[in-house]
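The structure appears right after this line, and notes come after that.
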Amino acid sequence: EPAEGRDAGNHTLLTEFVLSGLSSRPGLQPLLFLTVCSVYTMTVLGNLLICMVTVHPTLHTPMYFFLRVLSLLDISTASVVVPKMLLNLLSEDRSISYPGCVTQLYCVVFLAATEWYLLAAMAYDRYVAICSPLRYTVLMDSRLCLRLVLLSCCSGSVVAVVQTAWVFTLSFCGPRRVNYFFCDIPPLIVLSCTDTSLYEKQIISATVLVIFTPFCLILLSYACIVSSILKMSSAESRYKTFSTCSSHLTVVTLYCVSGTLIYLQPKSSNSQDTKKILALIYTTVIPTLNPLIYSLRNKEVHEVLIRMM
């Protein structure tokens, strides 16, 4: 079909995109709405509960400070994506304005990158706590914790600005239908009519920078942690120490697997449905699991919850 508003360069002047959503089957829309709405409610309530619990005076340690920031990031990630997705499940009009798409992409990339850098900071905190326990309070003071969070946010902002600016310098001519439930890099560059091979290499480099660099730092921290755990004489001490780290490792693994599968092949159009599922896990399911992962095996959190109740 001839596109609307073509200029002299034969490129479409897009003013909006259309999100295809999770499914095109009308019969599934009510079930998907109820499911996603329930998961989103659990995400917000669970992470708000973590925020409330970790401000308790007995939990004023760097680990719980980072956990509180992580919960706020999880709420923000879900809130950037899910409300629009729920609205699209109830409405036939699934359009999103061009500025709205730009804003959503920036927020998603910013929050995802910031969360990865924060997970690396949390791994460093566990490394200091286990490998240098006598110097822990000196090394991990409140100012350093705040600086690590600010550094994570600044790094995430730089990544988001670069990626968003690069995506929207591409020419979009032809279909405006985004085969996704939110504006993200892989489905948007599929719509571009220009050569995106250079950009695909750049997005792979960005994936390495944002995911694999923090992941390698996390692995290095845990290699030192495991070495220290193995030197402990008491089996009970080894188990207790490892259990405090297993929650963080679980979250890191979930983010790493889903994130790399989405972004390492940014223009693989034949796997868009698979990427939808992975993106749903990344933006909706994992933020719901984080409060459960961090609280179920944490006796200190259990005790504070009982006191609050």
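Glycine is treated like the rest: Cβ placed from N, Cα and C.
The domain 'G-protein coupled receptors family 1 profile' annotation in TrEMBL covers 46-294. Sequence annotations record features per position, and here TrEMBL assigns transmembrane segment to 31-53, 65-83, 103-124, 144-168, 203-230, 242-265, 277-296.
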Segment confidence, the domain 'G-protein coupled receptors family 1 profile' (46-294), expressed as mean pLDDT: 85
Recorded stretch that, among 31-53, 103-124, 144-168, 203-230, 277-296, has the most CB pairs under 8 Å to the transmembrane segment (65-83): 103-124
Residue numbers, six or more beyond the limits of the transmembrane segment (277-296), whose CB comes under 8 Å of its CB atoms: 22, 36, 39-40, 42-43, 46-47, 49-50, 53, 67, 70-71, 74-75, 77-78, 80-82, 108, 112, 180-182, 184, 247, 250-251, 254-255, 258-259, 261-262, 302, 305
Residues of the parent chain within Cβ reach of the transmembrane segment (203-230), under 8 Å, 6 or more residues beyond its termini: 112-113, 116-117, 119-120, 123-124, 126-127, 130-131, 159, 162-163, 185, 189, 238, 241-242, 245, 249, 252, 255-256, 259-260, 263-264, 266
